[in-house]
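Remarks on the structure that follows.
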Amino acid sequence: MSSSISLGTCYAGVSSTTRKRRLKPMIIGGGTGGQGGEGNRQGGDGGRGYATQIPIGILELKTDWQVGGGTGGGGGKSSSGSGGNGGDGLAPTFAQSFMEELKITEIPGSALDISQFCSEYQLSSKIENLLTDAGYETGSGLFCASKQTLLEDKFNKGQIAEVERALIQFNQRAGQV
């Protein structure tokens, strides 16, 4: 049985009707890193403040966007030496899913699990392990991923190119390109 997944699926249930309406302002902030620990001679460094990763296609929503980065944690105090360094605050990133990048409107609904997908599209066992470790269960699910998410999941650029190649072949076999 064949089914398909629409682009809206990648946006956590945001329907096409909702994407066309004018919405209230969207305010998205990043995380705050933890405070560095206190020390006698040297205070601990503050934690990293992570930022939001936003799928670029969601910017179609008719709204005003206020997107902030992460805030690094404060450096720890020292009673007799140097205080710790403040943590880094990271900037937000805008990611484009493979579905958007390849200009696909529907994901082929073939339910190949990751092992089958990797075998059929000649992806290495190392890539298969990375995909499994990152929680991907089907080849179709990869269309909602982005190069940025794969980088964060410890893929290198060559491995990402191989995944993209496999997705293009998968889509071509489904007659969509």
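Every residue, even glycine, has its Cβ placed from backbone N, Cα and C.
Within its own chain, the compositional bias 'Gly residues' (28-46) is flanked in space by residues 52, 54, 65-90, 92, which lie at least six positions past its ends and keep a Cβ under 8 Å from the stretch. The feature compositional bias 'Gly residues' is assigned by TrEMBL to 28-46 (among others).
Sequence annotations record features per position, and here TrEMBL assigns compositional bias 'Gly residues' to 69-89 (among others).
According to TrEMBL, the region 'Disordered' annotation covers 22-46 (among others).
What TrEMBL lists as region 'Disordered' is 69-90 (among others). Within its own chain, the region 'Disordered' (69-90) is flanked in space by residues 30-51, which lie at least six positions past its ends and keep a Cβ under 8 Å from the stretch.
The DSSP breakdown of the compositional bias 'Gly residues' (28-46), given as helix, strand and coil counts, is 0 helix, 4 strand, 15 coil. For the region 'Disordered' (69-90), the DSSP counts in helix, strand and coil order read 0 helix, 4 strand, 18 coil.
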